[in-house]
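> In case it's useful when we look at the structure, here is the feature table from TrEMBL:
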| type | residues | note |
| --- | --- | --- |
| DOMAIN | 6-151 | domain 'Flavodoxin-like' |
| BINDING | S12, Q13, T14, G15, T16, A17, A59, T60, T61, G62, D133 | FMN binding site |
| DOMAIN | 205-444 | domain 'FAD-binding FR-type' |
| BINDING | R348, R380, S381, F382, S383, G414, L415, C416, S417, W599 | FAD binding site |
| BINDING | T458, S513, R514, K524, V525, Y526, V527, Q528 | NADP(+) binding site |
Amino acid sequence: MSKPTLLVLYGSQTGTAQDTAQRIGRQARRRHLQVQVLPLDSYVVANLISESLVVFVCATTGQGDPPDNMKNFWRFIFRKSLPVGSLGRLDCAIMGLGDSSILSQFNFVAKKLHKRLLQLGANMLLPVGLADDQHDLGSDAVVDPWLTSFWEKVFALYPSLAGVIPMREDEPLPPTYTFHFLDDVKEKTDDRLRIPMEQTVPSQSHPFPARLVSNSRVTDTLHFQDVRHIEFDITGSNVEFAAGDVVMMRPCNFPEDVQQFCQLLRLDPEARFTLRATDNTAVPARLPQPCTVRHLVESYLDIAAVPRRSFFELLSTFATNELEREKLIELSSAAGQDELHSYCNRPRRTALEVLADFPHTTAELKVDYLLDLFPDIQPRSFSIASSLQAHPHRLQILVAVVSYKTKMYKPRRGLCSTWLASLDPAQGEVYVPLWVKKGTMRFPKEKDTPVIMVGPGTGVAPFRSALQERIAEGKNANVLFFGCRSERKDFYLRTEWEEMMKTGRLNLFTAFSRDQVGVFQEEKVYVQHRVRENAELMWDLIANRSACFYIAGNAKEMPTGVCDALKEVFQQQGGMSAEDAEQMLAAMERTGRFQSETWS
C-alpha cells in the first residue's frame, strides 16, 4: 500500500483538543506523512466516505455537549438517513478529552462518536482514548501511550512506512506561516476597529463592537474581591438573547506584557507584515492583512496563558545554550511532566514569564514560528445578567476580577476579568467585540410554574436575567437563594431584590457566610443550609406545584451541598428513602426540572 494521507479533525472549546490534534499533526510530519489538521466544522463532512485514515480529537463541554466548532459535524453524523456501512473504507481512531469530576458526562462526546462511527462501518484502529483533565499529569497521561499504540497500528497497516526514517525530535519543522514585513511603516492602521459591520447576527467570526456604557464596582471598597457590573450598548447589533444565555468576548493582553514581549523578541510593535501559509493552511481570519506586530501580540497571541507541554517541545528546538536546551527537553518529555507541573502549572507561570526565564533560547526564536508557539486567545463566556424586556438595547454582566497569589512575585491575574475592569468609558469611547451564545439553562414557559434558583456570588447573574424576564411576562412565582460573605460588603444588586420582594414577585433567602459572630455561631451558613431550613416550602413547590430548580455558581462544594440538601428535603418531607430521593432528583434532571450551570 502507498503512503496514507492522515486527516486530524478536532472539536475544541478551550484549546486543549486543538493542541493535542496539532501535536498528532507534528508527529505525522516528522514521519514524512502528508497531514491536514482542521476543526471539525471546517471540514466538508460528506467527504468522509472517501478518506482512508482519520484521527478525531474531541473534548466534552458543559452537560455532555460537543464543542462549538464541531456542532454542525455532530448534527450531520447523527442523521438517520446516513447509510449503515457508508464509512466502510475508513480506518480511524478517537481521542477524547474530558473531566472525570463530572462522572456521568466523562468523555461523553468521544464515546458517543465512537459508537456512531462503528454503526456507519468505520474500522477502529484501537480503543477510544479517554484522557482525564483531573489526572495528576493531565490529559497526557492517557494521550502519550495512546499515541504510541496509534503509530504502531498505522505502521502495521501501511508496510511502506516501515523504511521511513523520522526527523529528529530536536529538528524544527517548517513554520506554518511566514512573516513578510512591509517597508512603508508610516501608514498607521488601527487594527482593532477592523470588525465587519454587516447586518448579520454577530458570531465568533463577526463579533459586534458593543460600546461600553458603564463599569461599576458592586463590592465594598474594603472587600478583598472586586466584582464589576458592566453594561454594553448593543443598539443595531441584531443581538437577541433569553434568560440563561451567555455572551462571548476575547480579551486583550496587558500593555506592559505586550511591551515586554516585543522587547524580549526585539520586535518593533509598529512594524507591519502580511502572513503567508507555507502549505495550504488558511491565514487566521481574525488577523487583518496587513497587520501590526502590536495588534498580533495584543489581540491574538495568548502570551499570558500557562503554556502547554507542546510550547516547551517547540521552544527546545531553537535552544543553542546547552543548559537551557536540557531543561526544555526535560520539561517537554513524558518523564518530566511532574517537573513541568511544579515549574509551570502549580505557580501558574505564564508563557511570557517562561520566555524571560530562557533568555538565550528566546533570543534565537524566529518570528515565523510565533503562531506555532502561541495559541490564539480563546473567547471567554459570561452569563448575561439582564433581560432585553427590562433593558432594551442593553446587555449586562457581573464579573468577578480574578487575582490571587502563588509563589510567583507578581500576583496572578485573570486576563479577561482584569482587562474588562480596566476599561473606563469616562476616558473616551470603548468598544468590546462580542457575540451571544445559547446557554444550557431553560426556564419554563408556563405562567404558573414556580422557579427556585440557587445562585451564590456571581452565580446569581443568569437569575437576574431570568427574574427580569419572568416579571415582565407576569410570572411571579420566584424563589431565589443568594449567598455571599457579608451583607455589607458583597450583597450584589440588593436594592433590586428588595424592590421585587416589596411588589410580591420574589421570595428571597440569603446566607452571609462570614457574618456569624460569637462563640455559638462559628458554623458558616451557606445557601444549602437555607434550602434545608425551608424544607416545607421546597417540598410544596416541587412536589405539589411542579417547580423547576436551578443552580449556578462555583463548581467546588456548593452544587453537591445543594443537591444533598434537596435530597434531605425529599426524605424529610416526602418520607422517602435515600435511594428514592436520589431517583427523584435524577428524574427531575432528566425532564429538565433540575438544571445546573457551574464553573471551576
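Cβ atoms are placed via backbone N, Cα and C, with glycine included.
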> For the binding-site residues T16, T458, S513, work out the Cβ neighbour count at 10 Å and name the residue with the minimum.
S513
> Could you check the binding-site residues T14, S381, S383, S417 and say which one's CB has the most other CB atoms within 10 Å?
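Its Cβ has the most other Cβ atoms within 10 Å: S383.
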> I'd like the Cβ neighbour count for K524 (NADP(+) binding site), meaning other Cβ atoms within 10 Å of its Cβ, all protein chains included.
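Looking across every protein chain shown, the total is 14.
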> Under DSSP, the domain 'Flavodoxin-like' (6-151) has how many residues in helix, strand and coil?
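DSSP composition of the domain 'Flavodoxin-like' (6-151): 61 helix, 35 strand, 50 coil.
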> Below 8 Å Cβ to Cβ and six or more residues apart, same chain only. Which residues does that give for Y526 (NADP(+) binding site)?
P456, G483, A511, S513, M558, G561
> Do any residues at least six apart in sequence from R348 (FAD binding site), in the same chain, have a Cβ closer than 8 Å to its Cβ, and if so which, in order?
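Long-range Cβ contacts: V306, T406, M408, R412.
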> Taking the binding-site residues one at a time (A59, V525), which has its Cβ surrounded by the most other Cβ atoms within 10 Å?
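Buried the deepest by this measure is A59.
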> Report the same-chain neighbours of L415 (FAD binding site): residues 6+ apart in sequence with Cβ closer than 8 Å to its Cβ, ordered by sequence.
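L415 (FAD binding site) has long-range Cβ partners P251, N253, F254, A304, A305, I377.
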> Compute the average pLDDT of the predicted model within the domain 'Flavodoxin-like' (6-151).
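That region's mean pLDDT is 91.
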> Take the C-alpha atoms of S381 (FAD binding site) and T14 (FMN binding site) and report the distance between them in angstrom, rounded.
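Between the Cα atoms of S381 (FAD binding site) and T14 (FMN binding site), the distance comes to 11 Å.
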> Could you state the CA-to-CA distance between Q528 (NADP(+) binding site) and T14 (FMN binding site) to the nearest Å?
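About 31 Å separate the Cα atoms of these two residues.
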> Quick one: pull the CA-CA distance for A59 (FMN binding site) versus S383 (FAD binding site), whole Å only.
22
> Which of these binding-site residues is closest to S417 (FAD binding site) if you go by CA atoms: T14, D133, V525, V527?
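For S417 (FAD binding site), the closest Cα among T14, D133, V525, V527 is found at T14.
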